[in-house]
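Enquirer: Have a look at the structure that comes next, please.
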Amino acid sequence: MGSVSKANVPKIDVSPLFGDDQAAKMRVAQQIDAASRDTGFFYAVNHGINVQRLSQKTKEFHMSITPEEKWDLAIRAYNKEHQDQVRAGYYLSIPGKKAVESFCYLNPNFTPDHPRIQAKTPTHEVNVWPDETKHPGFQDFAEQYYWDVFGLSSALLKGYALALGKEENFFARHFKPDDTLASVVLIRYPYLDPYPEAAIKTAADGTKLSFEWHEDVSLITVLYQSNVQNLQVETAAGYQDIEADDTGYLINCGSYMAHLTNNYYKAPIHRVKWVNAERQSLPFFVNLGYDSVIDPFDPREPNGKSDREPLSYGDYLQNGLVSLINKNGQT
């Protein structure tokens, strides 16, 4: 295989999106628009989040949680006793077969008395947490991080709205603390010696992968990752490497944005290369509320009309998550 070229992934200073300078916001929006119509990825810098602390706290959690604790937190795909845990909980590694492991948590406002929890509405779950005495401060940190990255995501959605010629709250009004289905996933890719062959996939072009090509199931995805190059995006010139940057957030659109904009902002197809290195991948999947519906539009059309049908976010999310598991396997 020849060398793989580097994808165009600009660094965009998103700090104006938190302020009131409309001209500065529009300049950011123009950069978001250009990136979204190119490779579909950009790095958000000057985002205001302490990512070094995020990385350190996540590392402490990953390195201290025991196999017994993981089992006690495992989602139902791994632990059949946990029938209410479809999304939230621990996703186990499988010795000799699957190396990656992760911990997923949802909206901290989904408490047992939340109306959606009471109604057993799909995709809504109460989070499960490890023992506070064994992981002091972890739950508090994780919940605070959810709201920190929620705030960043709200600002980014204003940038996307302006980029698409909409008023800045066009998306954000559907992204609310009381009902967002957004999730944080704390993914650990371990260094293993030997590394199990069964955990390595091979693409049609011969590239060894940890996770095969896919589009994200989200409106947008806000990703922090270690400074280890691993992601590739499909472009007209073939797959290209996305450079790692552990100071910024890697941003891309999910397939709900592609649906809404009639693929004006596509959901970039990307994949995870196999790299035998201890590293983190910590995505925040920006999801709207279960009943949220935004009418599709086409920015390229003079009247803005799209032939696509409106799709409730709850239906989109349920079907999208199942389809991704069916295609690429249980994460």
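Each Cβ is built from the backbone N, Cα and C atoms, and glycine gets one as well.
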Enquirer: According to Swiss-Prot, His214, Asp216 bind Fe(2+); so which of His135, His259, His270 is the extra one listed there?
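Expert: My reading of Swiss-Prot gives His270 as the candidate in that site.
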Enquirer: Under 8 Å Cβ to Cβ from Ser183 (isopenicillin N binding site), same chain, six or more residues apart: give me those in sequence order, or none if nothing qualifies.
Expert: Arg87, Ala88, Cys104, Tyr105, Leu106, Phe284, Phe285, Asn287
Enquirer: Need one number: mean pLDDT over the domain 'Fe2OG dioxygenase' (176-288).
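Expert: Across the residues of the domain 'Fe2OG dioxygenase' (176-288) the model's pLDDT averages 99 on the 0 to 100 scale.
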Enquirer: Tell me which residues of the chain lie with their Cβ under 8 angstroms from that of His270 (Fe(2+) binding site), as long as they are six or more apart in sequence?
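Expert: Those within reach of His270 (Fe(2+) binding site), by Cβ under 8 Å and sequence separation of 6 or more, are Phe41, Trp213, His214, Leu231, Gln232, Val233, Glu234, Ile242, Asn252.
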Enquirer: Between Phe211 (site 'Transition state stabilizer') and Tyr91 (isopenicillin N binding site), what is the CA-CA distance rounded to a whole number of Å?
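Expert: If we compare the Cα positions of Phe211 (site 'Transition state stabilizer') and Tyr91 (isopenicillin N binding site), the gap is 15 Å.
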Enquirer: Restricting to the chain of Arg279 (2-oxoglutarate binding site) and a gap of 6 or more, list residues whose Cβ falls under 8 Å of its Cβ, or answer none.
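Expert: Expected: Arg188, Tyr189, Gln225, Ser226, Val228, Asn230.
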Enquirer: If I restrict to non-local contacts, at least six residues apart, and a C-beta distance under 8 angstroms, what lies near Asp216 (Fe(2+) binding site) in its own chain?
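Expert: Sequence-distant Cβ neighbours: Asn252, Cys253, Gly254, Ser255, Ala267, Phe285.
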